Amino acid sequence: MSSRINIARPQANSFNPDPHGLSNSRPSSGYRAANPDDPIEKLKAFSQQVEDTVEIYSQPLKPHLPAIGRFLIVVTFLEDALRIVTQWGDQIWYLQQHRKFPWGISHLFLIINVVTMLAGSGAVILKRYTEYAVAGLLAVVIIQGFGYGLIFDLNFFLRNLSVIGGLFMVFSDSMVSRKTLFAGLPSISETDRKKYFLLAGRVLLIFLFLGFILQGEWSIARVFVSIIGLAACVMVAVGFKAKWSAAFLVLVLSIFNVFANNWWSVHSAHPQRDFLKYDFFQTLSIVGGLILLVNMGPGGLSVDEKKKTY
């Protein structure tokens, strides 16, 4: 009886691991090993090493980056409020003589600007009522452009776009993961809103550097810095290696700001001093926005985040 039952393993030539034909019959090409001599692989390794080094040495500062970024973003508004108060007579004269503001309207215009800038800046630094503070500071940027007649000045326009980008970064930093419901409208989480504000902030922040490229005298050093900086701006806008690119722009803009906008070296009676001081603190504001980008990352709508999902 037992001789009729074959309990041995099947022969190798008759064993079929997929008797029903459900597997993919195409031969697998396997994974191609990375070539260490490939220039692209070397560049990837170098960029990863730079990112790791920056991450290590920035650890002591990382807990303080949000506060530093917020303060730098609003420092241009604090300086502007102080300048209006200390130059009140000159401001009134300019608005009435050159901008044809009626008496009383010019005073009200300056008072509203000073109060809004001080209150909004304080709220941003303290992280209180951030939405209202950002809205107020955005309104100041717009009405000053029209009030002083600078809205069509290209340099002013690009710089203020970057300042608005920094304010968007502040707004994104203040968001938490909770849902807000509106009657009759679909719900949208603040995490989703944060992605869009981060995207808008990233794109707007780079306009200052575009203004730097478009104006001034050209030299070999300027061409070199412009090419490298423009590449970093594109990387920030699309969110590719965004933290590294933003850190690079922080370094470049800080060095440029000290040497190009050195208002402290100009005599106090020279008319160029106020323009240099204005540009200096506006650049600090944009540096603050980039610092927040370094701290928060580029957000969901970026190449860096898309790479993590694959």
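Just so you know, glycine gets a Cβ as well, placed from its N, Cα and C.
Among the features that TrEMBL reports, compositional bias 'Polar residues' is placed at 1-28.
Annotation comment: TrEMBL describes 1-35 as region 'Disordered'.
Outside the transmembrane segment (105-125), and at least 6 residues removed from its termini, the chain residues within Cβ reach (under 8 Å) are 67, 70-71, 73-74, 77-78, 80-81, 84-85, 88, 91-92, 95-96, 99, 132-134, 136-137, 139-140, 143-144, 147, 170. Per TrEMBL, the feature transmembrane segment maps to 105-125 (among others).
Per TrEMBL, the feature transmembrane segment maps to 132-151 (among others).
What TrEMBL records for 157-176 (among others) is transmembrane segment. Only residues 6 or more beyond the boundaries of the transmembrane segment (157-176), in the same chain, are considered here, and those with a CB under 8 A from a CB of the stretch are 66, 69-70, 73, 76, 124, 127, 130-131, 134, 137-138, 141, 145, 151, 190-191, 193-194, 197-198, 200-208, 210-211, 214, 279, 282, 285-286, 288-289, 292-293, 295-296, 299.
Taken from TrEMBL, the feature transmembrane segment covers 196-214 (among others). Outside the transmembrane segment (196-214), and at least 6 residues removed from its termini, the chain residues within Cβ reach (under 8 Å) are 154-155, 158-159, 161-162, 164-169, 171-172, 175, 226, 229-230, 233-234, 236-237, 239, 242, 249, 253, 256, 282-283, 286, 289-290, 293, 296, 298-302.
The feature transmembrane segment is assigned by TrEMBL to 220-240 (among others).
Residues or ranges marked as transmembrane segment in TrEMBL: 247-264 (among others).
What TrEMBL records for 284-303 (among others) is transmembrane segment. Sequence-distant contacts of the transmembrane segment (284-303), counting only residues of its own chain at least 6 positions beyond either end whose CB sits under 8 Å from a CB of the stretch, comprise 58, 62, 65-66, 68-77, 159, 162-163, 165-167, 169-170, 172-173, 191-192, 194-196, 198-199, 201-202, 205, 208, 236, 238-240, 242-243, 246-247, 249-250, 253-254, 257.
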